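Features as listed in Swiss-Prot:
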- 3-198: domain 'Lon N-terminal' (DOMAIN)
- Gly390, Pro391, Pro392, Gly393, Thr394, Gly395, Lys396, Thr397: ATP binding site (BINDING)
- 627-808: domain 'Lon proteolytic' (DOMAIN)
- Ser714: active site (ACT_SITE)
- Lys757: active site (ACT_SITE)
Amino acid sequence: MKYPFMATRGVITFIGNSSTIEVGRPLSLAAIDLAKSDFENKLVLIPQKNIKQNEIEFEKDLENVGILTKIKSIKILSNGNRKIIVEGVERIKLDSIEKDKNNNDIIANLSLYPVLKNENGSSETIIEKMQTSLNNIIESNLPLVANQELSKHESSERYTYILAHYLTMPFEKKFEIFAKKSLTEMLELIFSFLVELKNIQKLDVDLDKDIKKNLDSQQREYLLRERLKVIQKKLGDDENDEEEIEEKLNSKYGKEQYPEEVIKTIKNEKRRLKNMMSSSPEANTSRTYIEWLTNLPWRKVSVDKTNLVKSKEILDSYHYGLKEVKERIIEFLAVMINNNKKHPEDEKTKIQIPNSDYEINKNLFTKKNASDDTYSYKSSNNVPILALVGPPGTGKTSLAKAIAETLDRKFIKISLGGVKDEAEIRGHRRTYVGALPGKIIQAIKKAGVSNPVILLDEIDKMSSDYKGDPTSAMLEVLDPEQNVNFQDHYIELEYDLSKVLFIATANYYQNISAPLLDRVEIIELSSYTSLEKIRIARDYLIKKVLEQNSLEESQFKISDESLDFLIKHYTLEAGVRNLQRALDKLARKIVVKSLENKLEKDFVITSEEIVNLLGVIKYTDDFKENYERIGAVNGLAYTQYGGSTLSIEVTTFPNSKGGIKLTGQLKEVMQESAQIALAFVRSNAKKYEIDFNFEANQIHIHVPEGAVPKDGPSAGVTFTTAIISALKQIPVSHKVGMTGEITLRGKVLPIGGLKEKSLAAHKLGIKTVFIPNENNRNLVEVADEVKESIEFISVSDYDEIFENLFGKLSDNKKITSNSKIPKKDISKANPTH
């Protein structure tokens, strides 16, 4: 006879018994489909000789005895596998294997291999012997359903199959029983296995007397741990834990620290815990929950410093500049001091914890009325939620640490980069295995107070997926109107975050969602100028480098000129991280020289020494093109890494289709900007005396560094100038840069990031920058050293740029690298309000 077959690993099914098998191998799935469609759900199971082997070569890898089964049910799993339940029908012997119509080796040629029954009653004799001497062993090693079936067995054959099927034993042993020819031989093997099992259990009972010395280290450790549990229970350690919690709740400060609702929840949970088995998973979950509730600080806060002079000194000791953010923190401190003066009654609600810098603030977790469901707060308790936005290396994280030290508060950092799951913020519900509170509650527990400074690092790097949107969860955290009633899914009680000072950091505020951006106070940390970097290196970085490398000041003498050389030729960044790395590398080289006795007592680091120690110069003053070309113009860009220059190139060539071609990974807005620029030039070709056949030639616009995606409308005037330069065949000086959005009517619209863009122009050596007239007010933000080296020309219409660069065609006036650009007096331009 022929039936589809499936190789099994570690599964033996006896006649009349059912087995559940998860199937995933392609041939096995094909055999199931064939059995279902053509063989009335009949499927042969043949055990593999090696259960660890995944791929088999059939006859040589299979046992020659198997069982014909009937498939009772099939369930498709989420991973594509199937779970089948089969019932044993007949024992068979495998003769050969052949292919099905799909060329799969899944058809087995079989012959029946029935179990021989002894007629002399030997089977019944063995069964009676088992029931007399081994009944306790049988009952304790079989599930309830198997014991029930044994009690009502109809034949010795059925009794044998039930025992063999349900007893837990090694696969090899079970197959040995399965393959025996006669029922008596099967029973003899089962009997010997049960006797062996009985002896093992007897050894366990007499463990301390007989084989304690022979226990291996793992068994001994397990035994000791089990005994320790019993000893702890006898000594009442669990009761001690309960007493500790009770003492904490009922102490003088505990009653004030924990809100009534929290105490009530803890007591209810303790009552539930008493009714649970101590070893049950629910009990462990309950104990962990009680620990979290008792270990959270609730009304416990640290005492804020209120000395404005000392606070200013601390902020200045950490960072150079950053006037705006320092002023904001001083304002917050001033308001807090003023509130304490105006509302002295608030001090009565604070209880100082003896011999500590902490106090209990009874204003926290307070309801206006007993009937209220949520907590209330006073407006004077509002704490600013700051977002420090700036390029990498500009001191955002270290500034947050300085703020924490200024306020004398605990500082906790939460990294949000790559967070995709809402539960990371709000926590998991306690029904999940291994559930924990979210990052906010974990940070507060770690701080041990309810008013820490929490740094939400890289808030612009959060993203969402099918698990939820963590950005939306952050809305509740960062909204002063809502965070007084923040609810974590694990804690399930409202937690007042109104005293927490949240400081978020981001590289690019455009990457922060609009609702989240609306809830924070943006403070921009812009790129540093060369002079600022020199000052930072002199006042902060060099001291740190000398300390880390154990060098004396005399061994690391470096002038401002050498620092400027190092900054310009070995770093190209908005912040100072690479500058610190370069200084650190110099220090390490000097340490090596010192240990090799190749260093003079006083070592002066000149520009020549920098090249000797750090190697070839990485960046030069003319690393961009330093000559004028037709159709090439310098644009200015603002990215999350600071300002940068953007060279735009235009060329033309004959093409009957005409039109425009754009390359350089330009995104949608920038593509539209280029198309608007071309449309403006075409519509004003006569006005600008452009003699060009647009229908017979194609215009190709390219922005170099094609691997980097680019977007934004601020390159509009640059596109326009590059197109006119290419069409009129008049070059534009490489010392000229520009930024501004252009309209179809030629109006120049304002742009963002002027400070960053002007710094990029300054680094490149650009001497003239055209900016939109409405950006005049932003010039006050530009560093003086930049304004001294760059002439800013404000324009409201493109005609003004054209007249400056190309002049009137009649006198062929144009700007070259050797000619002076006419200045416009912008010194009197006042910022608009």
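Glycine too: its Cβ is placed from the backbone N, Cα and C atoms.
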Residue, out of the binding-site residues Pro392, Gly395, whose Cβ gathers the largest set of other Cβ atoms within 10 Å: Gly395
Nearest-integer angstrom distance between the alpha carbons (Cα) of Pro392 (ATP binding site) and Lys757 (active site): 16
Overall pLDDT for the domain 'Lon proteolytic' (627-808), taken as the rounded mean: 90
8 Å Cβ shell about Gly390, Pro391, Pro392, Gly393, Thr394, Gly395, Lys396, Thr397 centroid, ATP site members excluded: Leu388, Thr505, Asn507, Leu525, Ala574, Gly575
Nearest-integer angstrom distance between the alpha carbons (Cα) of Pro391 (ATP binding site) and Ser714 (active site): 19
Tertiary neighbours of Gly390 (ATP binding site) (same chain, Cβ under 8 Å, six or more apart): Lys396, Asn507, Glu524, Leu525, Ser526, Ser527, Ala574, Gly575
Nearest-integer angstrom distance between the alpha carbons (Cα) of Thr394 (ATP binding site) and Lys757 (active site): 16
Local backbone state of Pro392 (ATP binding site), from DSSP in three classes: coil
Chain-internal residues near Thr397 (ATP binding site), provided their CB is under 8 angstroms and they sit 6+ positions away: Lys413, Leu455, Asp457, Thr505
Integer Cα-Cα distance in angstrom, Lys757 (active site) to Gly395 (ATP binding site): 20
Reduced DSSP assignment, Lys757 (active site): helix
Recorded positions compared (Lys396, Lys757) - highest count of Cβ atoms within 10 Å: Lys757
Ser714 (active site) and Gly395 (ATP binding site), distance between Cα atoms, whole Å: 28
Alpha-carbon spacing, Ser714 (active site) to Gly393 (ATP binding site), which is rounded to whole Å: 25
